[in-house]
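Below: one structure, written as structure tokens.
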Amino acid sequence: MSTTAAARQTPGRSAPVPGRADDGAVTRRRGVRQASGLPWILPAVVLVIGLVYFSIGYTGYVSTLDWNGFILSPSEPVGGANYTEMVGDPVFWRSLWHTAYFFVITFTVQTVLGFVFAALMHSKLRFGTLFKVVVFVPTVLAPAIMAPVFRQIFDADGQLNRLLDAVGLDAVSRPWLADATTAMGVVMVVTVWQWTGLTFILFFAAMSQVDPEVMEAARIDGAGNIRALRSIVWPMVRGTTAALALLGLIGALKTFDVPYLVTKGGPNHGTEFLGTYIYQVMVAEKHFGYAAAISVALLVLAITGGVLMSIRNRRAERS
Amino acid sequence: MRTSTTPRPRLMATAAVAGLALLGLSACSGGGQEAAAPTGGADSGDLTWWGWTPDAVNAEKLIAAFNEEYPDIAVTFVSKPIDSYDSVLGPAITSSDGPDVFNVAPGSANGGVDTFGAGALDLTPAVAAALGDDWKDKLAPAGVEPLTVDDKLVGVSAGAVYSGGLWVNQDLFDQYGLTAPTDLDEWKQVCATLEVNGVTCFVQGAGQHAFDMDTFEAVMENVEPGLYVDASEGEVPYTDERFVQGMEIWKSLFDEGIMQEGAIGLQQYPDANNQFMSGKAAMVMMGTWYTQYAVKDSMVAAMEAAGVADPTPFAITPADFPDLAGTGDTGSLFGDADYGLAVSGKTDQPDAATTFALWLGTSEAGQQAVANTLNNVPALKGVTPQWEQIDLVDPARQLEPLQEYTERAGQATEPRFASVSSDLNSAFEDVLIGVASDDMTIDEALGALQAVQDEEK
């Protein structure tokens, strides 16, 4: 704070003293500076307020309506009825529960895999560049392209079951997408496959920042690979892990494409997430007001989760 | 301390937000200005037509037939996926850059008139001018009231589709010496034979509940004709014993191995359709819209779309839903207007657009073209397909059953979705898949349906 304030002062000039006669002139100059900067940021301000915050406010307004979503159709104000309905809606709670354990499992698996891959890549692996590309490519592939492939792989007559049959594990083969539990497993597998590359890249970059002297000291003290990773590297990339956790939480709350494209939220809401449920309520059932209420709940959850996670991380850093 | 300059950005920002808010609120206040009803009568124009149906091949045939009579009205058909039709149509028809003509459907279905009627012009005067004051008597009932909202005819029906039966890959059935099953035991025997030969007997994308509703309605029509519609209109409770029987039969389709393994993990489109069209499955639950694939070029296009390279078309034939309840009441078909053509309230060519809609839905030439595509049962009474002009894959095996099937469909009166509200529709999704997957008991399922029905009373 003080550094920033000092930096703002013009070199060779003293800071204005409160109560002096030129106070007004300085304030006016500052005002002129602010005014002259305004046109430069105005487009961004209009864009942000117009597209983002207005949309949020408008969604809040729509959540108080009974409306089919077509702009020429009439709407009826219903106050908080959509929120009351949401609280009593078992599919909403089920979606929330799915989001919670989806986040815990996918974040944990991605973190472990990403961390291990990054650590391996910091050793001298042959074909390291190729390995990096292979791990990262799924992150840049559109889920819409890959969804039919995964539907085919996990089909009752798909490649996975054929493979299992071929190796004598036919007792394990099953219609993976037809059972709620296994379908959720498929959604998680696809998500982990897609996003582990990003986790890996971020951990790889974070590990590059670890001071080699610290690692060298640990080696001199007799730390092996596992011990060095656990006691030196892992704590030093905590910031990256925290950032990934926050991104993962928000991503889990917004999950839509994979379950929608691979399982359509089914069977029987078995892979329903808030995003897919909002889409169904809004587009298929045409209850825009109710869908908006769930969207508002989603926003509140995302902000609350983000804030709680930031507080926790800050406390962890202090301790 | 704020200077005198600071209120200006705040004021500007506030004004921007308020302006946008007013723009948004005024836009959603409903009841846009109603334009004068168009009359048609134009003979030139350049139109865009949006719809989820017909297939591109058939749309081109319809447009070509239209252009024989109206060579100076160009029509471009833009096919939109049915699942996302509503989400793209809403913004499009509130824009002057959107379609001039768009498909609508009864009630709250995709493109439902309940939702999109406000964006269309009233076609009542135009249809009355084309067919006379007794125009309602000249059109199939399924295409009039279901496409009307508050006395406004939102769309001119092109034709109707009916469901309630099966489609059979006749080549496979003939290859293994099979005939279409008429009851559960025969169905199981047919399946056993097909599966021994590595063919999936019956395929259904039971994860797409609209087709589950077709199957369940077919079961209920077998239990007692008309009961399904009576319940959807609130005249019979879903907890009635006959619905328990129907739901037990529905469940038995999964337990007895009629439905293929993993059925509820599949969608009817594209999964089940692709399996049938690629010859991997021998039977599928589809409606009259499948009649079009009895035609060579439509079948070839459908097989290619299903991933078959260099396809040789195979013969398909319709079959009655088997008598699973043992009542002997089989062969029921039920249906709604498939699509009607609505004229956008934002089009700058309302007369040309109306000319096209009227030609397709009310003229003999247009309805004959519709009939000959075999995609729809025509809306104009008395028009039937000109079979001699239709290039069937194998007329010897297909012609007679297809003639009987389309004739019976034209006489069907039971609705398919028109009597089912959107909430009831969603409840059906939960209960049919819930029962099939053992997540719900039959009593819970029927109780859930009745709860929705009670709420709507």
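All positions are counted from 1 along the displayed chain.
For all residues, glycine too, the Cβ spot is worked out from N, Cα and C.
Unlike curated records, TrEMBL annotations are generated automatically.
Feature annotation from TrEMBL assigns region 'Disordered' to A:1-26. According to TrEMBL, the feature transmembrane segment maps to A:38-58, A:100-121, A:133-154, A:183-207, A:228-253, A:288-311. TrEMBL lists A:96-309 with the feature domain 'ABC transmembrane type-1'.
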Fill in the blank from the handout: Other same-chain positions with a Cβ less than 8 Å from the transmembrane segment (A:288-311) and lying at least 6 residues past its termini are 56, 59-60, 62-69, 75, 78, 82-83, 85-86, 92, 96, 242, 245-246, 249-250, 253-254, 274-275, 277-279, 281-282
Handout entry: Range from A:38-58, A:100-121, A:183-207 with most C-beta pairs under 8 A to the transmembrane segment (A:228-253)
Key = A:100-121
Problem - Long-range neighbours of the transmembrane segment (A:38-58), counting only residues six or more past its ends (CB under 8 A) - result: 299
